[in-house]
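Peer 1: Quick one: the structure is below, and I'll ask about it shortly.
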Amino acid sequence: MNIWRNYAIEGTQDLLFDQCEIKNDVISKSRKVFKNFGFNEVQTPTLEFYDVFNFSNHPIEDEKIYKLIDFKGRILTLRPDLTIPIARVYSTKIKGGTAMLSYVGDVYRANEHNHGKNNQITQCGIEIIGISNIKAEILLLITAINTIKEIGIEEFKIEIGQCKFFEGILEVIDFDSEEVSELEDLIMNKNLGSLYSFLNKKKSKLDEDQYKILRALPQLFGGKDVIDEAQELVKSEKAINALRDLSYIYNTLESLGYSEYVSVDLAMIQSFNYYTGAIFKGYTKEVGEEILSGGRYDGLVGEFGEESAAAGLAINVDAIQKLIYEKTKTEKTDEITGVIFFEKDSYANAIKIMNSLNKANGNWQLNIQESFEEVADYCRGKGINRIMKVNRNEVIEYRLSPTGVFIGEMFKNGKY
């Protein structure tokens, strides 16, 4: 039995009409801004060898990777990430130097069905490889802010964190790997009650300052004053340097007029293990999931050859498409003006009239149904109140009357 024939797989979706138009517009505008800021587009295969993603530190959980076997018995994957293949391309094709790369593509991750996350996600992203200084992070953020604004979203925040800040706190605390993992989950989920309970149980391993900073960490988010507050609580040189980098990023963006779009979150712990410095996540009030994520990943490129500094970010096209669609579906401004119905021998005349009407800022569409009655029923169902009927020798415009009947008025061809 073909019981699944009529269904899309969980975590995937069919897009129709306006949804496709919005998604294509998001991608087009992203590409435009990326190019204006100096990024060059590359493409990588949807199918990759499993080895591309199989690192010792498992940057992507193995159970989230879709796996296939090819005819030679090799393990393939539907790519669960685009940054890692970009690192492969840089190491094997570009081979050194500075590269500013962009991409558009789908990633595939096997999420649990009750988590509400898509298993297929379209991303637009940018990567800077070969630059180790903090100018790279700033350029990424400026490009992202301008891209999201170009797409048409004005109210959003990009939260900025630093992996090394948390690492700096932990390096002087005697926690084992299980304790660190539990602590990370509690902080990342801002589960204050459970965090306080955990810290109270581990108090024998913590001095007073360590206890204070870990207890305060989930609430250290906001403006640049958060950085000043954190500096009073940490002594680790690594943590202090991480705060200094965050301060520089924030102050630079503020000086450029972008402060309303950024905030600091010192409790941010990125989901992929390859990040090594600054990390970013972007949100809007209307969407529960991230619309943007990224950061610095200096150790990743070396997995494919020579070590190279790198940083990048990805925009969640599907989340943005959904946001724009929900906003605009009740306030469309490009409604159909009317449809053009024509006899079989009047195709050329119908197209000529359609082009003429649309040049005058109309939105007329050809209708190829067999009879006028079918066209009228179609228009009533779609809320369209004008029909242009084109014959070889005449044009008749019909308008929907209050009684639901289309009433016609004849025009000479020359009018259109």
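Heads up, the Cβ atoms here are built off N, Cα and C, so glycines get one too.
Sequence annotations record features per position, and here TrEMBL assigns L-histidine binding site to D81, L82, T83, R109, Q123, E127, Y274, Y275. Per TrEMBL, the feature domain 'Class II Histidinyl-tRNA synthetase (HisRS)-like catalytic core' maps to 11-320.
Distances, neighbours, how buried they are, the whole picture for these features please.
Peer 2: In the three-state DSSP reading, E127 (L-histidine binding site) counts as strand.
The average pLDDT computed over the domain 'Class II Histidinyl-tRNA synthetase (HisRS)-like catalytic core' (11-320) stands at 93.
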Peer 1: Report the same-chain neighbours of Q123 (L-histidine binding site): residues 6+ apart in sequence with Cβ closer than 8 Å to its Cβ, ordered by sequence.
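Peer 2: Spatial neighbours, sequence-distant, of Q123 (L-histidine binding site): L82, Y103, V104, G105, D106, V107, A314, I315, N316, V317.
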Peer 1: What are the sequence-distant neighbours of E127 (L-histidine binding site), meaning same chain, six or more residues apart, C-beta distance under 8 angstroms?
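Peer 2: The list for E127 (L-histidine binding site) reads T83, I86, A99, M100, L101, S102, Y103, A310, A311, G312, given in order along the sequence.
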Peer 1: Name the residues of the same chain, 6+ apart in sequence, whose Cβ is under 8 Å from the Cβ of Y274 (L-histidine binding site)?
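Peer 2: The list for Y274 (L-histidine binding site) reads F55, N57, P59, T83, I84, Y297, G299, L300, given in order along the sequence.
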